[in-house]
């Protein structure tokens, strides 16, 4: 029931601020499928499947309701759909283009509703006890933080606002370093839950103090903050995953915290918070997936399909441009470069949902086949899980990583999440091997 209440509340919010009733006709089928799919779960706690359906509603129901509109006298976009962009600019797209967009979104939503499980309860789970000592994990975490600071170009560059940062020499190794730091932070947080001595509080002070040096509202992107800070918080304070509390926090954070972070993460302590406009339009402007996809449909009409290059670039995200100089640009940059070149947006770094890559390569058949394949893979991943000392660390990190993976562009944002998962697995493998070696020596 509480999931249905959430979905209905989000729709009502969108309707209060919607620009035209015609958009409601487009989004209602998507909302109905999302309502039915999300309401199947009766879990008390919020999980990654809940996060998926929440993002689906915010991105493809609420955001379009408050942004897309049509000229006066138009009926169901008969004279076009107007999409506002930055700096007071807007673009008008044809009726058939906006219909095609929502056909794609509806198709993907139905596929996910049919294939994905009703909740993230794995059929098989294996628990790994943490064999590292608390002190050794604290030391490993401190070393990881120091290495990441060095990769970022020093402490001054680490603490600088995003606009003031100089490109560090770390390159791809900075991604590895960040991923290892995040993996160590989660391992340490899980270990501290079973620690009962004074070392527990020392560990918490070290953990959150150093994380805030690396990732804070004045030097890091909003979605990076989520990936870095949310998992240790969920591990430490498990009660905040209560569905009602977590959803209220997510919605409040979206409407209040996100607009503020938009200013502070770019300008640092020099941010002019007095100019921050707390409004649905301001927040939902960053949920631009529908705008990117709509312009992508227009680009494909003009330029044709890519026949696999965009999807291949996503699959081979781990191959650096130093090795593959002609590696295709990620979807958000492809669309963003065109809009930025005409002065319609303030940055070329736009979003790009994964099914946009499928469409860019193979059109509607690509979206159909690619979405089915991806949903099956995700279902298989959710069916198996591992806990660390009884803590669902992988599930917590999935909740934190999903918002940016859902928004995209996937080819640009997946490396950090992927390598963090790998380092988590690596820490488990290393400790198991060390444990076996110790047992063999004792024999």
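Using the three backbone atoms N, Cα and C, a Cβ is placed for every residue, glycine included.
Because TrEMBL annotations are produced automatically, they should be read as predictions rather than curated entries.
The transmembrane segment annotation in TrEMBL covers 51-69 (among others).
Long-range neighbours of the transmembrane segment (99-116) within the same chain, counting only residues 6 or more positions beyond its ends whose Cβ lies under 8 Å from a Cβ of the stretch, are 26-27, 29-30, 33-34, 36-37, 49, 52, 56, 60, 77, 290, 293-294, 297, 355, 359, 364, 367-368, 371-372, 375-376, 378-379, 382. Here TrEMBL flags 99-116 (among others) as transmembrane segment.
Residues 158, 168-170, 173-174, 177-178, 180-181, 184-185, 187-188, 190-192, 194-195, 199-200, 202-203, 206-207, 210, 213-214, 386-389, 428, 431-432, 434-435 of the same chain lie 6 or more positions beyond the ends of the transmembrane segment (128-151) yet place their CB under 8 Å from a CB of it. The feature transmembrane segment is assigned by TrEMBL to 128-151 (among others).
Within the chain carrying the transmembrane segment (171-189), a Cβ under 8 angstroms from the stretch's Cβ atoms is held by residues 130, 132, 134, 137-138, 140-141, 144-145, 147-148, 151-152, 203, 207, 211, 214, 227-228, 231-232, 235-236, 320, 388, 393, 396-397, 415-416, 419-420, 422-424, 426-427, all 6 or more beyond its ends. According to TrEMBL, the feature transmembrane segment maps to 171-189 (among others).
According to TrEMBL, the feature transmembrane segment maps to 201-218 (among others).
Annotation comment: TrEMBL describes 238-261 (among others) as transmembrane segment.
If one looks beyond the transmembrane segment (304-324) by at least 6 residues along the same chain, the residues whose Cβ comes under 8 Å of a Cβ in the stretch are 171-172, 330-331, 334, 354, 357-358, 360-363, 366, 370, 410-411, 414-415, 418. Residues annotated as transmembrane segment in TrEMBL: 304-324 (among others).
Residues of the same chain lying 6 or more positions beyond the ends of the transmembrane segment (358-378) and with a Cβ under 8 Å from any Cβ of it are 103-104, 107-108, 111-112, 114-116, 293, 296-297, 300, 305-311, 331, 334. Annotated transmembrane segment per TrEMBL: 358-378 (among others), in sequence order.
The feature transmembrane segment is assigned by TrEMBL to 385-406 (among others).
Positions annotated as transmembrane segment by TrEMBL: 412-430 (among others). Remote same-chain residues near the transmembrane segment (412-430) are listed as 128, 175-176, 178-180, 182-184, 186-187, 223-224, 227, 314, 317-318, 330, 332-333, 349, 386, 388, 393-394, 397, 401, 404-405 (criterion: CB distance under 8 Å, separation of at least six residues from the stretch ends).
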